[in-house]
Every structure is written in C-alpha cells, then in structure tokens.
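> Quick one: structure below, then a few questions.
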C-alpha cells in the first residue's frame, strides 16, 4: 500500500446528569472536563506528548485530532487513544464535581447527533500531492463518499413523521453541500479550504467531513482504507464510470434510509444507479488495481471487508459483517433487545440503547460491553492504545513534535507548537519549521531538544 499521511479529527458530544439540586450548563461541564488541561497547558487548545491536538471546539464539543499517521492500524490505535484520553478527563472532572458538592455523571459520546438535532463531526484527512488535479479527485470521490455509508455507517434510529426508521448513517441528515470551503455553516462532503499543514508547494490536504464517528476499530480501518485505495487509483490515472450525482445531498439521505442498497438515485446525466451499483464499481476497480500493482496484507484485508460488506447488503445477510461494521453491530444489538422485550423501534428504551452504544466510558458504554464479551472484532490491542496515549507515531513528523513537547515539559520550559512549528519561548525565540510530515528525524529538532 502506497505510503500516505492520515489523520482523524473527532468531536464528542457532552452531557451530564446531576444527583442534587445544582445544575451546570453544557459549557460549564466542558470547562470542568478541560480544567486539568488548562492547568498545565494554560489553554483549552493544546498539543499532547503523543503528537495529537486536544481542544474545546465550538458549542462545547471536545475535539481530538490524531497525530500524523502513515499506517492504518497506527491511525486506528491513535484514534482510540483519543477516547482513552478523554475518558481520563471525564473521570477527573467527575471527581472535581464531587469534591465541590456537585454530584453528577458526565457522558461523552462518540457519535454525530444529539437529542436537540445538533450535529458534530468526524473529519478525515488525507495528504495528496499538489501536482494532481484536485477537482478530479473531488469528482471521483464524491459518489464514493455519498455511498460509502453502506460499508462504514455508524447506524442510527431516526424519528420521522412516519415513525422510527433505522438509518445507515448519523451524519447524512446534516450534510448540505457537496464541495465547499466551509465546515460548520454548510457542512459539505469534501472541504476545499487549502490548509495543507505541510509544504504547500508539494502537498495538499484532502479534508473529508461526511463520515460518521465509528466505535468499531474495524469500521474505521475500512472507512479510511477504502477511501485511500480510491485516492491511490485517482492519483495513478485509473478511469471510473461517471457516477456524478444530480443531487448529492438528496442522494446521501435517500441512501441512508435504505438498508437494501437498491434504491436508485438520479445521476447528473439523467441515468439512475443504486448505492450498491456505485460501490461495486469502485470496489471492482480497487480489486483490479491491487492485483496490478501487487498486493499486501492490509490491501487484502480492506478488500475482503469491503467485498463482504457489499455482499451483506446485497443478500440482506448482515451476519457477514455484524462483528465488524458499526451499523450492523448496532442493528443486531437493537433487534435482539426489541425482540426480547417486545418493543417498537420508536421506543424511548431503544433510543437510549442507540445513544449508549457510543458512550466512551468503559464499563458503561454498550460498545465496550460487546467488546469485552468478544462480540466484535478488533484491529488493534489495548496495550497499543494505552501506549499511544503518551507516545507519538515513530515514523512521521509527529515524533518530532511529541519528543519536543515531552523534553520541554520535563525541563520546565515555556514553548509553543502547532502542526508545523516548534518554538521555544525564550529570549532567542528559537523556532523550527517542520514542513515535511513524512520526516521523523530532523537534526534541527535534535539540537533544539539538546539545548533545553
């Protein structure tokens, strides 16, 4: 598999249930969550020793952006490390609340919608070459991303005027544009704002904001892995059938509501195609591409998962993927509970289970319960996730950032970092600019660290 820099940014939903008379707003709860961060970072926007960025986003949503990763399992591991870091903040915040006489349970949800209809995202980042034609990448990717929910949606019980329906995607109802430079106002599928966080003459960052937040490690692996294969093909000039959509926004919603994958959507040229038709085209090209360029274990794993997910939808046999793909895992859980208790899909108890699936608190969240019972498959291990809370990826620029932060903190020195800059806030204001995200060794950074 061709080397590429990946990153995932995840916004988390926050809520709190209180035991006594005292109540706090979501903003106040979020501030309690970040109090420990602010105490050492003097800000609610910090970079961590593992190279990641942690900050409080608009609307009291904690956001975790993984460090630069160049391997899919590494990316999944660092994405999960973000959950563990936020879980630690949650436990600390509950302790603070208790110490101040405010009894309460804080909940952090790795999902994309709250009960008030607000949406928050999971953004994927892919480094692409500046030389390629970005508009072609967007044109080819758009139909793939609109239909990708078949293989990696998080699943959601949606209450509609005609009753409750089970949907493939949480995010689909909240996307309003195909390609745009905005992220919050219009919520496009692909964000075109040109911020490469790298050498702008060589690289561009593809920012995909249509995806669901995934609890399943394997779903995250497939989500990013399949998109990476499509990108690889576009970069190497593979030709695709034209599946340009007449109305991508209508299509993404219609596809989300159809678990059969067979409902057709209108294409720009007047033809019609189903989500399965479109995904089969991309999948078939990917199989041929990997066979031509030479296979590798990760490409084989992605193609196996991708193919089985499409087979599961086509044959309506979700057992093919109900240990690996979030929407199928959740559907199995909800259906078993419904059948056991004789409940309608619209039951508040089902809505509660739907939400609890995304609770990141171990021992309380339903996905964690399934994982402990060995009812879901994994892509990484607990020991690797624990290590990734403090250790940056060793093969990318993240190592330089993480090593610098750790050394500066150990030396008690004041510093400032972002994705490309490492700066000592001393009289000399020494700064190192790290423009190559693939570079994990840099003599300038080593000299800066040795001077501490």
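Any Cβ shown, glycine's included, is placed from N, Cα and C.
If you look up Swiss-Prot, you'll see 9, 55, 63 marked as Mg(2+) binding site, on the strength of sequence analysis. The ATP binding site annotation in Swiss-Prot covers 53, 66, 419 and is backed by sequence analysis. The active site, proton acceptor annotation in Swiss-Prot covers 57 and rests on sequence analysis.
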> Report, as a single number, how many Cβ atoms besides its own are within 10 Å of the Cβ of residue 66 (ATP binding site).
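Total other Cβ atoms inside 10 Å, all chains included: 28.
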> Centre the Cβ atoms of 53, 66, 419, go out 8 Å, and tell me which other residues of that chain have a Cβ in range of the ATP site.
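After dropping the recorded site residues, what remains is 7, 9, 47, 51, 52, 65, 67, 68, 398.
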> What's the longest C-alpha separation between any two of 53, 66, 419, the listed ATP-binding residues, in angstrom?
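Output for ATP binders 53, 66, 419: max Cα distance 11 Å.
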> Within 10 Å of residue 57 (active site, proton acceptor), Cα to Cα, which of the binding-site residues 63, 66, 419 are there?
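Candidates kept after distance check: 63.
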> Using the Cβ center of 9, 55, 63 as the Mg(2+) site position, which other residues in that chain lie within 8 Å, going by their Cβ?
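Those within range, site residues removed, are 10, 11, 53, 54, 57, 62, 64, 65.
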> Relative to the Cβ of residue 55 (Mg(2+) binding site), which residues of the same chain, six or more apart in sequence, are found under 8 Å away?
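Counting only residues 6 or more apart in sequence, the Cβ neighbours of residue 55 (Mg(2+) binding site) under 8 Å are 44, 45, 46, 62, 63.
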> Please report the number of other Cβ atoms within 10 Å of the Cβ of residue 53 (ATP binding site).
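Cβ-Cβ neighbours of residue 53 (ATP binding site) within 10 Å number 20.
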> Name the secondary structure element type, per DSSP in three states, that contains residue 419 (ATP binding site).
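Residue 419 (ATP binding site) sits in coil per DSSP, no helix or strand.
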> Would you mind checking how many other C-beta atoms are within 10 angstroms of the C-beta on residue 63 (Mg(2+) binding site)?
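There are 20 of them.
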> So of all those binding-site residues, 53, 66, 419, which one's Cα sits nearest to residue 9 (Mg(2+) binding site)?
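Answer for the nearest of the binding-site residues: 66.
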> Got a sec? Which of these recorded positions, 9, 57, has the most Cβ atoms within 10 Å?
9
